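Undergrad: Annotations per TrEMBL:
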DOMAIN    5-145  domain 'Sodium/calcium exchanger membrane region'
DOMAIN    173-308  domain 'Sodium/calcium exchanger membrane region'
TRANSMEM  6-27  transmembrane segment
TRANSMEM  39-59  transmembrane segment
TRANSMEM  79-98  transmembrane segment
TRANSMEM  107-126  transmembrane segment
TRANSMEM  132-149  transmembrane segment
TRANSMEM  170-192  transmembrane segment
TRANSMEM  198-225  transmembrane segment
TRANSMEM  237-258  transmembrane segment
TRANSMEM  264-283  transmembrane segment
TRANSMEM  295-313  transmembrane segment
Amino acid sequence: MSASSLLILAAAFITLFASGGMLVRALTAIGRMVHVSEFALAALLVAIATSLPEFFVGISSALSGVPSLSLGDLIGANVLNLTVILGIGILLSGGIAFDRSMRISDFLAALAVAVLPIILALDRVISRTDGIILLLACIVYFAVLLAFDREPSEVNNVASPAAERIFRESIRFVVGAFLLIVSSAIMVTLAAEGAIAFRLPILFVGILVAFGTTLPELVFAVMAARIRHGAMSLGNAVGTVAVNIGGILGFIALLRPIAISEPLPAFLGMGVTVALMAALAFLGLRKKSLSPSAGAFLVMVGVVFIVLETFLAL
């Protein structure tokens, strides 16, 4: 890869981060103006907003004929969200307590979505039919979340928004989405070129791309921790898993079926995601909190996962 390509890749990486942050701010503001509860805001709107980089990378990779890149990106993003990013949020918040707006059904529904791709990919292909199943699972997850998470919160105590402000935030959303499309397309193209040049597996390159596409989640986790709303980090992490696996992976499979050419790293990543979701469901049911030590453990798990995936790619 030439020096100019590396510079373009760096610029696209920065743009992806900036536009992702723009979308987070826009959708968060819109969500507050239309009276969405805090946990639902994180698990729905913020999860969707912070997953947009993965969505656009997925579209670009599918249209470029390398959907495995998107699979690697989604696997890496899910594990990073549930380990390093959530762990940092827990550490900065001094621990996260499960409040009344969080239901065990939220975690169990997300866990069910996380298990699906393992079952569907046993034949080493995520087909268009599998994509439809994943999309339906994502819809069911949202239905469960909306049905059980309607506790009032301070987010609801806001005045009726002015039409101009909603319009302004909508414009910010459109601009952010456009920048995401452009920057993600550039990253997919250059990442594929880099994989060929260095003879790296496409799936592994996708996991590396996940470091860029999860930056919005990291920014949100840090911001939520700074204002003592660590529970929003948890809601975003759980919601993002459902959106990535059910919504994005399902949609990409509809565009182009995904062949699992590297089953070991793929199933390792999906298995780790399921194990982490099961652990969160257990802690939510029994412990009612996530301590700083749990946050440190999650960060360590994320580091070990990255090392293992790197070893498998060599």
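Each residue, glycine too, has its Cβ placed from N, Cα and C.
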Undergrad: Any chance the transmembrane segment (39-59) and the transmembrane segment (6-27) are in contact, meaning at least three CB pairs closer than 8 A with a sequence separation of 6+?
TA: yes
Undergrad: In the domain 'Sodium/calcium exchanger membrane region' (5-145), how many residues does DSSP assign to helix, to strand and to coil?
TA: 120 helix, 4 strand, 17 coil
Undergrad: With DSSP as the reference, give the number of residues of the domain 'Sodium/calcium exchanger membrane region' (173-308) in helix, strand and coil.
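TA: Counting residues per DSSP class in the domain 'Sodium/calcium exchanger membrane region' (173-308), I get 117 helix, 4 strand, 15 coil.
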